[in-house]
Amino acid sequence: MHPHFKPGPLPLSMQLTPEGKLKHFLSTEGLPHLLLHDIMDRAEQFVTLPAKQQKKAPFLRGKTVMNLFFENSTRTRVTFEIAAQRLGADVTNLDIRTSSATKGETLLDTVRNLEAMNADMFVVRHEHAGTAQFIARYCAPHISVLNAGDGRHAHPTQAMLDMFTIRQKKGDFAPLKVAIVGDILHSRVARSQIHALTSLGTGEVRVIAPKTLVPAGLDKMGVNIFNNLDEGLKDLDVVIALRQQRERMDSALLPSEQEFFKLYGLTDKRLEATKPDAIVMHPGPINRGVEIDSRVADGSRSVIMEQVTNGIAVRMAVMSMIMGSMAGGAA
Amino acid sequence: MSLLIRNARVLDPASGTDAVMDVCVENGEIHSMGENINGFPGAEVIDASQQWLIPGAVDLGSWLREPGLDHKATLATETSAAAASGVTTLCYQPEPGASVDNSAQVNLIQDLSDAQGRANVQVIGNITHQLAGETLSNMGGLKRAGCVAVTNGWQPYADLDVMRKAMEYATTHDLTVFVYPLEHALANKGFMHEGAVSTRLGLPGIPAAAETVAVAQTLSLMELTGTRVHFCRLSAAGSVRLLRQAKQSGLAVSADVAAHQLFLTETDLMDYNPLCHVRPPLRAESDRVALLEGLADGTIDAICSDHQPHETDAKLAPFQQTEPGIAGLETLLPLTMRLVEDGTLSGLEALNKITFQPARIIGSEAGRITQNAQADLVLFDPDALWTFTLETMRSQGKNSPFENWAFQGSVSHTFLAGQPVYSAT
């Protein structure tokens, strides 16, 4: 057996080249805060480019980006697709759920086949934690892997577009109080946000949820935990609502959407506890009347639509930095 | 064949012997032992100066796979791995795909292993039909065919009433029940210990309570049924506490721990290492410390390999898609002896946990060095320094997280009923 195929650890450190540049983007955990700022600086450049030029920034000309989505997500896939196209890449979308995986092919075999089609970058979404790391560890050395969500583990581009949006609105992270509200237990977005916020030196990071939705040992990630929304909202600068999955209501985690909204739903009234200029964020798609009231979602505090726009800029930033480091130049 | 082992430091935990002497083996048994023994004419003489002579180890839990799961391992490969690792008795653990429902299956396993002649294989039978947890297996027949215990492995019982009746029927046939304590509902399809590390990795967790709840339930059923129970592979501090109380109250209970559980914790999974994917999961440091204390005070009777050889593909996938288990046979003795180095146990105490105690639990006469005992013996060089590598593993499964661990002390010869089954040179 080739040693390349030996089962073993999947260290996060493989995200960076020996020179400290981004090789894969798998998690916000363990990345230096300067690099996180580099991503946001690069995104800023893409956002401020005039619309015409924005669509012609050919960092990835001649490259092939493959979207490997083992789990359905039209929205995320489309933003990656647009980002790659604007950078001049050829983009292929593979909905693996309906192809090889159901025919019993192993994940490594699938990866081998796609490598043979001259892929340069895999954008991976999978229902199991650590899958992007697994592919990064075992794929050919010239390929970069971008994690578009793995189980409950990480969704680093979503977290970075949220950080970018916060930085646009608030500037420095040090004085900020930021809270994440809702289903932390199942949320890869929350985990990536927490790592990014703590790395960026955020003044206070809180999570607000009932005990059933707070995973064990979360306090060890550097957050303060609140079970009561009104207490948790006090003096906040940024409120991040998470999408509440409907299926959680069918298990023993929550009694009903009504009770959740009553206790943890964001309304104008309850947001009075925050600072007057506090912003409200949501990774989408939103459930109106479950985790967020329509008046909040569409109101003056909401930056939800800016998040969507920033999502493309941040994904362009990450992709161009990865490919730049591969070429040994631009980034 | 006759054998005369000269000047060995004999360590026999059963009798507490720790002395340099000669041991004479004749017709597969220990004929005599003492100073300046005369061997039989023509006996092979081994000068064992500077070496230890210890009982061959008795392993309470090896997933030997054949027949049924031969792509993972065979009795031939695994018994020769055992011989090279100083293990002379293996308990065959039934599992779905390689389960033991009737006497024909017991006989087949024994025939296949006897044909190799590398280790004694003792069979643990199914306690329920097909391990499905619904109806009883033919325990009377299994007992007559030589099964040393019965178990449902990690498979759940349909309900506690089935478990109660299975325990009562096993007791009818004087069979010890091997219980793998796990409340499946609480395990909640988890993959590792529930705690800060599982939260960080985003892997669904198995709380320690999934084990302690099952231990408590089983202890209550023992009181009801009078069954002799052996708990397999304890992992949680709370289980050690419950067991300590149960022993103090006089229940006929025993327990083992997997050797890897004494050295690894949840933090060894920080980089999703599938080689550390085991069941029960590696737990917190406080659990590991409690297991060591339980070993030292006798609450935990035995250390076992929990040997689970796998083909490479079973471990070459994202963590949640990999199969649990470590190929642990070849690290059982080295890790156990490391407990002596660490000061957790004395040499005799450590050997006791892998020889006399496990033999006692399965009602076997193995695991001791005494006159007329079967000569299952190991010569051990206590000063040899060596490094464990996957390439040199004899097991068909190379799934061990202990690659590049350095160990002191290695097996130089293994004898099974007086016959050499392994020699390092």
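From the backbone N, Cα and C atoms, a Cβ is placed for every residue, glycine too.
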Carbamoyl phosphate binding, same site as A:Arg75, A:Thr76, A:His155, A:Gln158, A:Gly284, A:Pro285 - TrEMBL member from A:Arg97, A:Arg125, A:Arg137: A:Arg125
Chain B, Cβ under 8 Å: which of the binding-site residues A:Arg75, A:Arg125, A:His155, A:Gln158, A:Arg188 qualify: A:Arg188
Length of the line joining the Cα atoms of A:Arg125 (carbamoyl phosphate binding site) and A:Arg188 (L-aspartate binding site), in Å: 12
Chain-internal residues, separated by at least six, CB under 8 A from A:Arg188 (L-aspartate binding site): A:Ala129, A:Gly149, A:Asp150, A:Gly151, A:Arg152, A:His153, A:Ala154, A:His155
Overall pLDDT of the domain 'Aspartate/ornithine carbamoyltransferase Asp/Orn-binding' (A:176-321), taken as the mean: 95
DSSP residue counts for the domain 'Aspartate/ornithine carbamoyltransferase Asp/Orn-binding' (A:176-321), split into helix, strand and coil: 63 helix, 24 strand, 59 coil
Binding-site residues near A:Arg243 (L-aspartate binding site), in sequence order, restricted to A:Arg75, A:Gly284, A:Pro285 and a 10 Å Cα cut-off: A:Gly284, A:Pro285
CB contacts for A:Arg75 (carbamoyl phosphate binding site) [other CB atoms within 10 A, all chains]: 12
Whole-number Å value of the largest CA-CA distance among A:Arg75, A:Thr76, A:Arg125, A:His155, A:Gln158, A:Gly284, A:Pro285, listed as carbamoyl phosphate-binding: 17
Cβ-based isolation winner (fewest other Cβ atoms within 10 Å) among the binding-site residues A:Arg125, A:Arg243: A:Arg243
